[in-house]
Amino acid sequence: MAAPVVFFALFFAWPVVSIVERGLRVDGAWQFGRFGETLSRPEILDVLWFTCWQALASTGLTLLIALPGAYVFARFDFRGKGLLRAVVTIPFVMPTVMVGTAFLALVGRGGLLDGLWGVRLDGTVWAILIAHVFFNYAVVVRTVGGLWAQLDPRQEEAARVLGASRWRAWRTVTLPALAPSVAAAALMVFLFTASSFAVVQILGGSTYSTLETEIYRQTVVRFDLTTAAVLTMVQFVAVGLVLAVHARIVRRRETALRLVAPEETARRPRGAGQWALFVVVLVSVALLIVLPLGVLVERSFATSHGYGLDYYRALQTPDPSGTFLVPLLDTIGNSLRYAVVATLIALVIGGLAAAALTRRAGRLVRGFDALLMLPLGVSAVTVGFGFLITLDEPPFDLRASWILVPLAQALVGVPFVVRTMLPVLRAVDDRLREAAAVLGASPWRAWREVDLPLVRRALLIAAGFAFAVSLGEFGATVFIARPDSPTLTVAVARLLGRPGELNYGQAMALSTILMVVCAVSLLLLERLRTERTSGEF
Amino acid sequence: MSTTISSSTKRMAAAALVAALGVTTLAACGTEDVRDAAGKTGAPAPKTVTLVSHDSFNASKEVLAEFTKETGFKVKVLKAGDAGEAVNKEILTKGSPQGDVFFGVDNTLLSRALDNGIFVPYEAKGVDRVPATYRLDKENRVTPIDSGDICVNYDKKYFADKKLAPPVTFDDLAKPAYKDLLVVENPERSSPGLGFLLGTAAKYGDEGWQDYWTKLKANGVKTVDSWELAYNQEFSGSAGGKQAKGDRPLVVSYASSPPVEVLYGEPQPKVAPTGVSTGTCFRQIEFAGLLNGAKNPEGGKALIDFLISKKFQEDMPLQMFVNPVAKDAALPELFTKHGVVVEQPETMAPEKIAEKRDPWIQQWSSLVLK
């Protein structure tokens, strides 16, 4: 418990509190008057309203589209499942600029919809919502699917045998068991989309702004730290409310469940209904995820003189102006190194926190549970500026150190680790632990022999998340990464910031490589799981 | 520095974290990166001089190695976001800066930086080779390093196909012949966008630019949020714009963009695919300064001297696509062959920009976006 608390306090709470204090206290006088004034401005109210409803709509839409997906991934056995599960996670690591480009190509001028029906969605809220589904599909599939795959289908079958209709059996047996993980997924999607930044800027144009874009504007453009601090406080309160609601829902639902090996529950689709569902899910994944990614892949090969590997070849040679001191291919190694360290930190911190949260359900502990989720909902700009004014003295002058990159990345990874592991950990029947204790096992041994085998799957899913978050992270990385060791995402952004065909093409090629790196890493993680499952349960 | 949290609390928290993170932190300390990040006080002057800059900073390896050879200092570069973000971060950390020298504050941000006192005066050796028009701070708190022009670029092929002469001046852009052709960046969110707005204000006056923009709006000007979107998505003359079926042959970019198009052509074309409307330019000057509270002021001074040396000045154009300010620095062939000389760029005093920037952006938003 101590490690997560200290980690959280030092790398999140302290920086954020300091920057808010800096904004709210000007020359020693507190500026509380600014709350009323800021919050009564009509444009700020518009921003708050839009932030809330677009996040709610995005969350609803994502659940609607991704829950059937979670079912298919959990309960059906089909060829290429591992690969497809890795593919739906790719959006998670993609630089938002690239995703924006891909979506503009599909729903914007001259895009697919424009060509077919003359419909353009760029600059509308629909483009934003669809892109949010694209980014968060994997959150639902992985969080809900992870638990779903381990639910014993025989319980639902028993209900059927006792005469319940299929719907009733699902509603009364499976849904209550799934509720905590559905709530967890919804919470993460909501926090993510509520703090959405680049998607709103690129696809919404200058028309829409969210609380996040507004905090960025006040901090970076206008340098009005007081207004930014007021908005950050609003963000805190809003996120706090959401977390409280979530905690209430979950607490009433969590019960010990009978967990089985996922391999036992998955089978090939049977009957017209299951096949139809299977096909619908595959088509939605193809349209929503594979197609936009495909646009980027296509552009990485499309040179001014037909398709070719020119851009990929250029990646291996130093830049003509010598701007990147290393061939761009080296950025893959840099990205992977950061991601491995960040994943380890997130697993250690998040794992310890989840373990502590399983046992003691005191009010304090529950509060800490909610606090751990805050980094998802609080502006990256706030945290980043906070780092600057707090981590500036030895022995913790970390501002210029590479370790800050994986630390900042882990901050976003930890909530994922906690949220994926906690539902499973809490579902472990306490009597198993008690039995182990009665038989003379130490607490550590009981954890190792009882909890660990059951949560190994969740642990690997969590690791996948933390890894993907780190690979795709941009804000902290661009700030700290050395010019001589840029990561993939940083290199993509720099390439896109310059004129010239080769720069644009190489950005596309690097993005394609990023997709492959992400997919391969996640597949390797999956392999790790299947090799060890024998005799687990 | 935070006023309520004492440094002893900081150290306690730090110590606790070291204990708690155990393995992770130990692993981190094993590498040399962490070692050279810690500022050693009391020891002889550190061998590293840290340059804080924006994301666009670049210098070639050989030139930086040359600096180390001449002075014994090794340059470490920190990139702190885009220009505005980087300056704000320096203001925030005033007195306890992240580095020794900051490079990249331009004339649109200069007043904000100077008023907040993030720099200390230093008269660089060789600064007399820089024309007086660039030396905007009489107290030498900042030294001019480079200049560039924000101008409308045009897609040569489009205008050749249409047998239409490309526009040259601000007035041209509002003419019916160029209806629905121009894409600009939002001045609030993009520095070329701001430069273009300031250019129109310098040209038409404090009270006249609003009329001009009303005309531009009637002539179908399109606004997007960033240079990347304008150039790679909307502009028909770029590789990205072609793939995205961009339909705007006029874009607000830089006077140096055409040579860069040549440099990164695949294969390199004989002539640049894009041109510059030389009557639509706003001059940007970038400065460097010694940071208030620098840990290595000697190294910082040496670095500023180096930034205006002939060697660095001649390296800059191909690294950051800007023009040198030192009179004795020659432009590379790429620029003399494919670039243009902007004779009469619009300019504006930094104090005036600081004063007008926010109200003008607000006026612009309600005029153009609504």
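In case you wondered, yes, glycine gets a Cβ from its N, Cα and C as well.
The structure displayed is predicted, hence computed values, not measured ones.
Positions annotated as transmembrane segment by TrEMBL: A:47-74 (among others). Residues 81, 84-85, 88, 125, 128-129, 132-133, 136-137, 139-141, 144-146, 148-149, 182, 185-186, 189-190, 193-194, 196, 208-212, 214, 234, 238, 262, 265-266, 277-278, 280-281, 284-285, 288 of the same chain sit 6 or more residues outside the transmembrane segment (A:47-74) yet have a Cβ under 8 Å from a Cβ within it.
If you look up TrEMBL, you'll see A:48-243 (among others) marked as domain 'ABC transmembrane type-1'.
Sequence annotations record features per position, and here TrEMBL assigns transmembrane segment to A:86-106 (among others).
Residues or ranges marked as transmembrane segment by TrEMBL: A:126-149 (among others). Away from its own ends, the transmembrane segment (A:126-149) comes close to residues 54, 57-58, 61-63, 65-67, 69-71, 73-75, 85, 88-89, 91-92, 99-100, 103, 107-108, 174, 177-178, 180-182, 184-185, 188-189, 192-193, 196, 199-200, 203-204, 208, 262, 265-266, 285, 288-289, 292, 419-420, 423-424, 427, 457-458, 461, 464-465, 468 of its chain (Cβ-Cβ under 8 Å, at least six residues beyond either end).
The feature transmembrane segment is assigned by TrEMBL to A:170-203 (among others). With a threshold of 8 Å between CB atoms, the same-chain residues lying at least 6 positions outside the transmembrane segment (A:170-203) that come near it are 51-52, 54-56, 58-59, 62-63, 67, 96-97, 99-100, 103-104, 122-123, 127-128, 131-132, 135-136, 139-140, 143-144, 146-148, 151, 155-156, 159, 164, 209-213, 216, 235, 238-239, 242-243, 246, 249-250, 253-255, 257, 373, 376-380, 415-416, 419-420, 422-423, 426.
Feature annotation from TrEMBL assigns transmembrane segment to A:223-245 (among others).
If you look up TrEMBL, you'll see A:275-297 (among others) marked as transmembrane segment.
TrEMBL lists A:332-525 (among others) with the feature domain 'ABC transmembrane type-1'.
The annotation transmembrane segment is assigned in TrEMBL to A:336-358 (among others). Among residues of the same chain six or more beyond the transmembrane segment (A:336-358), those with a C-beta under 8 A of the stretch's C-beta atoms are 1, 3-4, 7-8, 365-366, 368-369, 372, 402-403, 405-407, 409-410, 413-418, 421-422, 425-426, 428, 447, 451, 459, 462-463, 466-467, 469-471, 473, 477, 487, 517, 521.
Look at TrEMBL and you will find A:370-391 (among others) tagged as transmembrane segment.
What TrEMBL lists as transmembrane segment is A:403-422 (among others). For the transmembrane segment (A:403-422), the residues of the chain that approach it from at least six positions outside its boundaries are 4, 7-8, 11-12, 142-143, 146, 184, 187-188, 338-339, 341-343, 345-347, 349-351, 353-354, 357-358, 369, 372-373, 375-376, 383-384, 387, 391, 455, 458-459, 461-463, 465-466, 469-470, 473, 475-477, 480-481, judged by C-beta separation under 8 angstroms.
TrEMBL lists A:458-481 (among others) with the feature transmembrane segment.
Marked as transmembrane segment by TrEMBL: A:504-525 (among others). Within the same chain, residues 82-83, 85-87, 89-90, 92-95, 98, 293, 296-297, 299-300, 303, 310-312, 314-315, 328, 331-332, 335-336, 339, 460, 463-464, 467-468, 471-472, 488-489, 491-492, 495-496 sit at least 6 positions outside the transmembrane segment (A:504-525) and bring their C-beta atoms closer than 8 Å to a C-beta of that stretch.
Residues of the same chain lying 6 or more positions beyond the ends of the transmembrane segment (A:370-391) and with a Cβ under 8 Å from any Cβ of it are 4, 8, 11-20, 22, 187-188, 191-192, 194-195, 197, 211-212, 215-216, 219-220, 228, 232, 235-236, 238-240, 242-244, 247, 350, 353, 397-399, 404, 408, 411-412, 414-415, 418-419, 475-476, 479. If one looks beyond the transmembrane segment (A:275-297) by at least 6 residues along the same chain, the residues whose Cβ comes under 8 Å of a Cβ in the stretch are 65, 68-69, 71-72, 76, 78, 84, 87-88, 90-91, 94, 98-99, 101-103, 105-106, 112, 130, 133-134, 137, 269, 508, 511-512, 515.
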